[in-house]
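> Pulled the feature table from TrEMBL, pasting it below:
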TRANSMEM  C:6-29  transmembrane segment
TRANSMEM  C:41-62  transmembrane segment
TRANSMEM  C:68-89  transmembrane segment
TRANSMEM  C:101-120  transmembrane segment
TRANSMEM  C:140-162  transmembrane segment
TRANSMEM  C:192-211  transmembrane segment
TRANSMEM  C:272-289  transmembrane segment
Amino acid sequence: MRLEPRTDTPLALRLLAPVGAVVAALALCALLVAWTGAPVLRAYGLLFEGAIGSRFALTETLTRATPLILTGLAAAVAFRAKLWNIGAEGQLYMGALAAVVVGGGMLDLPAWALIPAVMIAGMAAGGVTLLGPAVLKVRFGVDEVVTTLLLNFVVLLLVSLLLEGALKDPMGMGWPQSAPVVEAAELPKLVARTRLHAGLAIALGLSVLLWLIDTRTIWGYENRAVGANPRAAAFAGMPVTRVMLRTALLSGGLAGLAGAAEVCGLKGYLTLDLSPGFGYSGIVVAMLAQLHPIGVVGAALFIAGIFVGADAMSRAMPVPNYIADVLVATSLLCMLVAGLLARYRLRRG
Amino acid sequence: MSSPVKGGPEVVLRLAGISKRFGPLLANDNISLTLHAGEVLALLGENGAGKTTLMNILFGHYVADEGTIEAFGRPLPPGSPRAALEAGIGMVHQHFTLADNLSVLDNIAVGTELLWRWRSDRGAARRRLLDLSQRFGLEVRPDAPVGELSVGERQRAEILKALYRDARILILDEPTAVLTPQESAGLFETLRRLTADGLAVVFISHKMNEVFAASDTVAVLRAGKLVATHATASTDRAKLAELMVGRSVKPPAPAPLSPGEPVLELAGVTVASGHGRPLLDRVDLTVCRHQVVGIAGVSGNGQTALAELVSGLIRPDSGRLSLKGSVVEHGDPADMVRRGVARIPEDRHSAGLVGTMAVWENLIAERYRDSSFSRLGVLRRSAARAYAREVIEEFDVRCPGPDARTQLLSGGNMQKLILGRTLAHGPDLILASQPTRGLDIGAVSYVHSRLLDARAAGAGILLISEDLDEILALADCVTVAYHGRLTPLLPHDRVSVSQLGLLMAGHWDILRDILPETVHAA
Amino acid sequence: MDFLSIILDILLSAAFWTAVLRIATPYVLGTLGELVCERAGVLNLGIEGIMTLGAMAGWMAVYQGADLWTGVLAAAACGALLGLLHAALTVPLGLSQHVTGIGVTLLGTSLSYFVYRLVLPQASTPPTVEPFQPLALPGALAQTPLTYLAFLLVAVVAYVLYRTPVGLAVRMVGENPAAAEAQGLNVTAIRIGAVVAGSALMALAGAFLTLSAFNAFFFNMVNGRGWICIALVVFASWRPGKALLGALLFAVFDALQLRLQQASGGVLPYQLFLMMPYLLSILALVLVARRASYPRALMIPYRKGER
């Protein structure tokens, strides 16, 4: 058997690939569910219901999707430029850190000014966090995969340090958590009496904006060229290093924004368990979306649904909710294969 | 070693009805061939005629769609280099298959022992290698890392690799492409020793003079079909050329033009390499309007640095580069384009084009910031597409349209695309690095005629090529690169191929005979 | 007491060096495993997940009643299986080694947690097993058998890579797969074999954590050790001997920061000390990146007959 590149990939195939991957992942994980002794169909039924079965479930899924869209975009823009940013988790925490600092009473501004200031501070913190590894990559040739991964641990320790020190909430009864952000820094709710907040609108707006930049502007043009063939881009006269650094700022900024939005929209303060791995799930989101900014929205909704639904399912039957993480990981691997099948055809001999 | 030649020559290899298709391209169409012990068969054909595909099938890199192969009377299982090796077939690839970081001995011995022996017998391997090296006059240094070898040494290592495994049939793919004429002669001498020992040799070439220098039989391929097989002695150049191309070919004939004012001047340019001798060493060079200056030389003697310098990718560490009389202080690719340099890169796939992007996107790659293609950072996509349609038309690029993905184009059409991108703006200087490498004859003559048109229109051309025939056909003046130095310009009608060969090998003392008047200057 | 004499005191104690060897062990095993994969041309970012699965599987086997060495074998087998998955996707299919590796890490980690929670749904304090005991060899600091095994494996891997035909074949497919194939070697099989073997070694590193260094399985217990191993491979220029040296050097710093953390008596936040290993790894990468002579075909998929 041999793989032969297709001369072109029809749109239907590109859309079908993630669907096929998800179905395959669900089927594979059904074996795992069956192994626990739980009835598979009922388990998946509960998962489905828990994700979108009610108004409450739906808003929960949308709330959970908000940071995933942003970290998914962070991974997508970076991977497009072949900048392997695996550090979205750390950048997210840096953004959250900036949000509690700037939004914690440091600035006395009305909401219309404070919210943008806090969001921009979060983006800046995340962007600068990725700028370091990006500079090491272009200046010294240091592989950014390892540096961004290692920085995740450094950032978490930094957050822990600050939460037990300078940023510790005096009213927090000894828990390592920050003081809450001021009311003017809180993102408004989208639907009353739910947890759904304006972060979702920001995330959706950004994915459309990024798609427009990607296809319509010389920025996007340069990004695509540099990502696909940096040598040819440099030969043609494109500023390859600048594109790399710009992409790093943007990617880190999106992850940082995810953190700021979680703090200001949902939690109100910063703790060490702000993110259950949004940074890593963002990679899966980006891959399922085939790095397309609009596709990221759909992929993030799916992943969010899995997490929210699995929580509901594991409350009802003895299937640990880690099944969601297994499903997400399996989806990623299945998506890689599906993407390959969309780009190549199998040939004998 | 097995039986010596006895009586009539034994048939060692028989290919019957080989066909191979790559997508829409029929690369080999029902090809049948026989090869005898002690015979040198030249497989002659244009680039893209299917020679390399055929040999890759023979060696098991590809599997034929149809047809069978017999070696020494036994069928050869398809798709297995191991089976080919075991049947006594050795192949020397055009791009050497050696690992730079490993020693010559490692490269030759790998895969010759059972994988699961508890230790390698390096002593025996070394003895065997040195013995073969002596017997066939192929000198190598067993412990040198391949990365440190010259091209000639690498080729000897490749041939030894095949002999080490008792190859009785040796396939050489374009073996002389990277050698000086003198090194090629040495190679042909080696081939004679091998065939005297009873080996059979297939060598692939698109150069006529080599066929006559080295082969007993010649098989001509054209567009995937075997069009003729002749005893070399019973045929002549004109006949072979016509068979190869399918029509008679005229070499390009540049009209005599007197050079105009200088467009490119290098004065004492040095580019350091970071370690050891510099990539370019105090180079002086002038290219004038209406003039083609050819740079000959074995690859790796500074041509790449020279091309990168004129492309704006690197800057001189000392010395001066001027364009149209003004010194370029901080050259970068965009600056060079603005100053009227058309740059045709050596490797069109990796440096010239972004394969996954559309034709129109590649066509504007050097000028997307111009107001005709973007405004306030927003691409003017319909204007760019319209422009692309014009260039496609003007430069005869065969493609479905401006939105086609570039990687689907053939090599010739990719090169036309690059010509269109660079020549459409009336350049003052053209840097053409290996402009016809790997192209078929039609595309080659198209590229040549475009370059000569530009020369007539007033451009100066810096032509860097490993193909001496191309340089001698196009260039008004030739200079030879060796160890980062350039010889003075030699008028093309005062230097012969063999003289160029000696210069390429570093024998610059003969400059005295070619240019008696400049000896003191040099 | 001034700073220097504190350090001197620490460096002169046998307990310190015993700790160094213990701390070094998972790094030695993990780095060795990653090195074998990368020498064959395959970056294995699955290491973190493979180590986690090894830690969980080894511990779980012993917890379920198997003896310690069976637990070690179970860990290696699970590691090899995840390695096979990584290899199947990246070698014959040629998928991105970066993304596949991340996927394998996510899968290994989540599977470990899933299985652990499935077997022990309500365990609030992690149950323990009886781990390997230190073994005093004459003339050596007492270590557990897995540490001795790790050091022995360095010699074995070095010997295999540089002195046997299969080692040469592995290096060849990592340098130039086309050349290896032209010599009749099966590039796909050799790469898969190397990744599987390397992944088994990584899983041993995980098993050491739950069966030697500690006696229970915790979530997040691998804690970036896998990523540090990847940095150590670069630091070691892909050579087993240097990998051992790098792991030991690293363990010295790690053990030192632990001691200093205690000695500092809370003047400096402990998090600063815990950051040191990660920052040190980044520093090591910066120092060697320019002159690293990596396997030439690393991260480049090889598809036979592609044109």
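Glycine is no exception: its Cβ is also placed from the backbone N, Cα and C atoms.
Whatever TrEMBL says is automated annotation, not expert-curated.
Have a look at these and tell me how they're positioned relative to everything else.
Long-range contacts of the transmembrane segment (C:6-29) within the same chain, counting only residues at least 6 positions beyond its ends with a Cβ under 8 Å from a Cβ of the stretch, are 51, 141-144, 146-147, 150-151, 153-154, 201-202, 204-206, 208-209, 212-213, 225, 228-229, 232, 243-244, 247-248, 250-252, 254-256, 258-260, 263.
Beyond the ends of the transmembrane segment (C:68-89), by six or more residues, the same chain brings 33, 37, 42, 44, 46, 49-50, 53-55, 57-62, 95, 100-101, 104, 107-108, 131-132, 146, 191-192, 195-204, 206-207, 211 to within a C-beta distance below 8 angstroms of the stretch.
Same-chain residues lying 6+ beyond the ends of the transmembrane segment (C:101-120) with a Cβ under 8 Å from its Cβ atoms: 43-53, 55-57, 60, 82, 85-86, 90, 127, 217, 219, 226.
A Cβ distance under 8 Å defines the sequence-distant neighbours of the transmembrane segment (C:192-211), meaning residues of its chain 6+ beyond its ends; these are 25-30, 32-37, 39-40, 42, 44, 46-47, 50-59, 62, 68, 71-72, 75-80, 82-84, 86-88, 90-92, 129, 131-132, 146-147, 149-150, 153, 170, 173, 217, 221-222, 225-226, 229.
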